[in-house]
Ligand SMILES: *Cc1c(COP(=O)(O)O)cnc(C)c1O
C-alpha cells in the first residue's frame, strides 16, 4: 500500500498488524468452520475500509460487511471475489447493481422483493439475507408469518436467493442477560420455522461472540469493534479473554509556540485566561477534523506528558497549554502513547459522553490515514 504525500502534520496512524492480531486472537474463540465477516462499514469505523479489509482477510476473515450500497461498490472495486453483505437498507433500484456486482443485500420487506421482481432487470442472481428483528427495533421482520411470506416470495423467483438469515442483539454488551436471552430464543424459533436452513445463519456481533454461548456463532460472526482493538462496552472490557490491541492513533505537531502574560486570553470568546506567564502551543487540528468543540479541556501528549487543550477549539486549529517552551515541530499525540503515558479512545469517548465506536468514526476524511504495519 502506497501512502500518498500529505503536507499537514496531522494524521491518523493505523496499525494494521494490531488489526490482524485481534482477528487472529478472536478466531481462536470460534467453533470450527464459523466464518468471520469483517465489518468495515463507515470506512472501517474510520480506520480505512480497503486497508482494514485486506488485513482482516489475511488474518482469516472470509466475508465483508458494510452499511450502504456506496460502501459496497467501493469495497467491491478492490475485492472482486469476496462475499460482501450490505447490513443496512438498499433501495429497490440498487438491486440490479447488486446482482451485477455479486453484492448481497439485506431484506426485511416482502413489498421490496415484489418491487425488485417487477423491475425485471436482473440479469444475474441476487443473493439476499433476511433480517429478523428480535428486539433491536431497527430493521427486520417481527413475525414468523411475515418471515415465511418473505421467504416464499423470494423463493418464487429463480434469480433471487435466500443466502442467509440474521438478527442483531441490542444488549449483548451488558451484564444483565434477560433481554439478550429473549432475543436469542426468538431468533432460534424463527430459524426453526423456516422450511430449510439458509446457507448462512448469523447473529453475533463482537459482544455476543466474546460473552455468550458458542452455539450463537451459528455459521458466521460479525466482527466490528474488537477488530479495531476496542471493547464494545466498559462491562465487556472487564471480561476480555485476551488483551485487544488498539489500531488507531492521532498525531500532529506544534506549529507555533508563544509566551503569554497573566491576564492574556486564548481563542474565540477569550474563554481561557492565563493566571500566570504561560507558554501556548498551536496545533493544526480542529473541529473540521472531528476534534469537536466539546473536546476543549481534553489532554494531549507532548514529550510524554499530559497537557490540556485550552480555549475554544477552532475549525482547523486549537491551542494547548505547555509547561515550558517547546520547539516548533514537537510531536503532539492526541490519541496514542508517548513514553509511559497513553491517551485512549475510551478516554476521548468519556470526555464527550459517548462510546468508543463514535470517536474514530467522526475523525473526518481531511485527516489522512497512514498505515503502519510495524511488526
Ligand atoms: C455494526 C454492526 C456489527 C458490528 O458490531 P460490533 O459491536 O462493532 O462488533 C454487527 N452487526 C450489525 C448488524 C451491525 O450493524
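Glycine too: its Cβ is placed from the backbone N, Cα and C atoms.
TrEMBL does not curate its annotations; it predicts them automatically.
Pulled from TrEMBL, these are the features on record:
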MOD_RES   41  N6-(pyridoxal phosphate)lysine
ACT_SITE  41  active site, proton acceptor
BINDING   138, 315  substrate binding site
DOMAIN    247-372  domain 'Alanine racemase C-terminal'
ACT_SITE  268  active site, proton acceptor
Please compute the mean pLDDT of the model over the domain 'Alanine racemase C-terminal' (247-372).
98
Tell me the Cβ neighbour count for residue 138 (substrate binding site), meaning other Cβ atoms within 10 Å of its Cβ, over all protein chains shown.
11
State which of the following recorded positions has the fewest other Cβ atoms within 10 Å around its Cβ: 41, 268.
268
Do any residues at least six apart in sequence from residue 315 (substrate binding site), in the same chain, have a Cβ closer than 8 Å to its Cβ, and if so which, in order?
286, 287, 288
Between residue 138 (substrate binding site) and residue 41 (N6-(pyridoxal phosphate)lysine), what C-alpha distance do you get in Å?
17
Compute the C-alpha separation of residue 268 (active site, proton acceptor) from residue 41 (N6-(pyridoxal phosphate)lysine), stating it in Å without decimals.
36
